[in-house]
Every structure is written in C-alpha cells, then in structure tokens.
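Peer 1: Residues annotated as Mg(2+) binding site in TrEMBL: 66, 83, 85, 86, 210.
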C-alpha cells in the first residue's frame with residue numbers, strides 16, 4: 001500500500017502544476033447550483049488528469065469526482081472520491097487556500113488519503129493504520145482544550161437555509177474558544193485539525209469529496225470525526241461533519 005500512496009502523491013503533485021500554471025485571464029468561470037458555487041475550466045482539467053492517472057494505477061476502481069457525471073455511489077468496494085480543486089472560489093480570487101483531495105476506498109472505507117495544496121507545496125497523506133504525514137513528517141492533533149483552541153467552520157455557502165444556523169453555532173464557539181476561522185476549504189480545514197494547527201472544525205452540510213480524504217487524516221493523527229449527531233460519516237451522500245482533537249466538543 002505504501003507504493004500506491006506514493007503513486008497517488010506523485011499524481012497529486014503533477015495535477016498541482018496545472019493549478020499553478022493556470023492562465024488567470026482565462027479561467028472560464030461558470031455557476032453551478034447554489035449560491036457562490038462555481039466551476040472553472042481548471043477544475044475540469046485537473047479532474048480529467050486525476051481520473052486518467054488514478055485509474056491507470058487502479059484500473060478496476062470507480063471514480064467519483066465533483067465535476068463528473070457520477071457524484072454519489074453506494075458501490076464503494078474499490079473507489080476514488082476526488083475533489084480536483086477544493087476551494088474553487090478561493091482559486092478564482094487568487095486566495096491560496098485551495099487543494100487537490102484524493103480518497104481511495106476499499107469495501108466502503110477510506111484506506112489512503114492525499115490532500116495537496118500546490119500554493120504552499122504542502123502534501124498531506126495518510127494510510128489506515130500507518131499514521132498521518134505532511135511533507136514526510138508525522139503529524140498529530142493538538143492537546144489543547146476548547147478554551148485554548150481555534151475553531152474552524154464552514155458557512156455552507158451553497159445552502160442558504162443553513163447560513164444563519166452556521167454563524168449562530170460559530171458565535172457559540174467564539175464565546176467558548178480562543179477564536180474562530182473560516183478558510184473556504186473543508187479539506188484543508190481537516191488537515192489543520194490533523195496537523196494540530198486548530199482544535200475543532202464543523203460544517204452543517206458537505207459532499208463526500210469535501211471530507212472523504214480529510215477524515216482519514218484526522219483519525220490517523222489521533223483525532224475524531226463524526227456527523228453533528230455523533231454518528232459515523234458516510235461517503236454515499238452529503239453529511240454534516242465535526243472533527244476535533246478529541247478534547248474539544
């Protein structure tokens with residue numbers, strides 16, 4: 001499995017070059033369903049590159065990507081769940097909090113994760129039972145309690161009915177924690193929890209490609225991830241999510 005993980009990291013690194021070399025005058029921005037939900041030609045180009053190369057590595061896997069025709073599937077016996085650019089709005093605005101997110105599943109369980117921020121050249125990876133790493137160095141969640149912790153959150157920008165509740169909950173955490181942050185990338189927020197840079201992250205509704213890779217990273221770094229009801233997060237439909245160092249709730 002280490003060989004596969006290394007292959008996936010190399011593929012992510014190469015895909016990152018597409019993002020870094022993007023012609024910012026020719027992004028070809030289009031709107032998708034929901035407020036502030038955009039896709040650029042580079043989302044599509046990166047996804048096509050990832051699909052071609054990941055399926056070369058594992059030819060009998062299925063590929064589920066944000067920009068593809070097959071967004072959800074219950075057939076996760078051997079599958080990739082991929083977000084080619086998590087944080088597309090950030091990418092459009094040249095705000096360097098975007099990443100490539102790759103989760104490889106067997107029998108419905110994520111066993112390898114790769115999340116790569118090409119702007120910072122940070123490669124996060126994890127293999128089930130083998131730990132979590134950033135650029136080759138082992139990472140762990142922090143040991144800070146909530147009152148000394150940073151809380152990250154997503155505002156559910158595509159789901160207007162959840163805006164008010166999201167910010168009300170963020171305010172509740174703001175009163176209890178050191179401070180709150182919103183990055184615009186669920187995958188990178190999960191990396192921040194795994195790396196001990198923040199203590200808790202929540203969002204009231206996300207798609208599997210937003211969180212599939214990040215969940216394994218947090219767990220392998222010693223943290224916990226559930227939905228907002230304390231149940232296990234699935235990968236065949238959208239879900240809420242709360243991830244922490246295990247000390248913050």
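Sequential numbering from 1, following the chain as shown.
Cβ atoms are placed via backbone N, Cα and C, with glycine included.
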Peer 1: If you count Cβ atoms within 10 Å of the Cβ of residue 210 (Mg(2+) binding site), leaving out that atom itself, what do you get?
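Peer 2: Result for residue 210 (Mg(2+) binding site): 25 neighbouring Cβ atoms inside 10 Å.
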Peer 1: Give me the count of other Cβ atoms within 10 A of the Cβ belonging to residue 83 (Mg(2+) binding site).
Peer 2: 31
Peer 1: Other than 66, 83, 85, 86, 210, which residues of the same chain sit close to Mg(2+)? List them in sequence order, counting a residue when its Cβ is within 8 Å of the Cβ centroid of the site.
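Peer 2: Near the Mg(2+) site, the remaining chain residues are 82, 84, 87, 88, 99, 101, 186, 187, 209.
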Peer 1: Which residues, sitting 6 or more apart from residue 85 (Mg(2+) binding site) on the same chain, put a CB under 8 Å from its CB?
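Peer 2: Result: 19, 40, 42, 43, 46, 91, 98, 99, 100.
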Peer 1: Neighbour count, 10 Å Cβ-Cβ cut-off, for residue 86 (Mg(2+) binding site): what number do you get?
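Peer 2: I count 29 other Cβ atoms within 10 Å of it.
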